[in-house]
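Sequence annotations record features per position, and here Swiss-Prot assigns Mg(2+) binding site to Asp84, Asp86, Asp88 based on sequence analysis. The Zn(2+) binding site annotation in Swiss-Prot covers Cys85, Cys102, Cys109 and rests on sequence analysis.
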Amino acid sequence: MNTETKALPAWLDKVRWDDNGLVPVIAQEASTNDVLMFAWMNREALAKTIETQRAVYYSRSRKRLWFKGEESGHVQHVHEVRLDCDEDVVLLKVEQVSGIACHTGRHSCFFQKFEGTVDGGDWVAVDPVLKDPEHIYK
């Protein structure tokens, strides 16, 4: 299926898209269940993800499809796609190529952990940088 020339499939209508035609997406490492990242998809991105078995998101800032790893090489091979009980969040179970999902060079975008109390806490980076971002993006 080429989503650029054909009508999008009817199964996409089951997803509860927001007013902007987007749905939140969580990418999870299939082998470890680590939560890697959060992003958005539109209908075309979800259809392309199913078609190619590689994660394709929608970039709200660039207003275009974002093929994960198109610049960094850190693609996500999709093993499974799930829809939550309210049909308004998508979960991708992926294999993260190179182990780096975050643009900061870390395994996960969720590398900051809150430590402390409501009166005196802060966010602390608890996961290491695996590769300097300046060497990832050229």
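Glycine is no exception: its Cβ is also placed from the backbone N, Cα and C atoms.
Projection of Swiss-Prot feature records onto the structure.
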residue	record	Cβ neighbours (10 Å)
Asp84	Mg(2+) binding site	13
Cys85	Zn(2+) binding site	6
Asp86	Mg(2+) binding site	7
Asp88	Mg(2+) binding site	13
Cys102	Zn(2+) binding site	21
Cys109	Zn(2+) binding site	17
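Sitting within 8 Å of the Cβ centre of Asp84, Asp86, Asp88, and not among those site residues for Mg(2+), are the Cβ atoms of Arg16, Leu83, Cys85, Glu87, Val89. The CA atom of Cys109 (Zn(2+) binding site) is located 25 Å away from the CA atom of Asp86 (Mg(2+) binding site).
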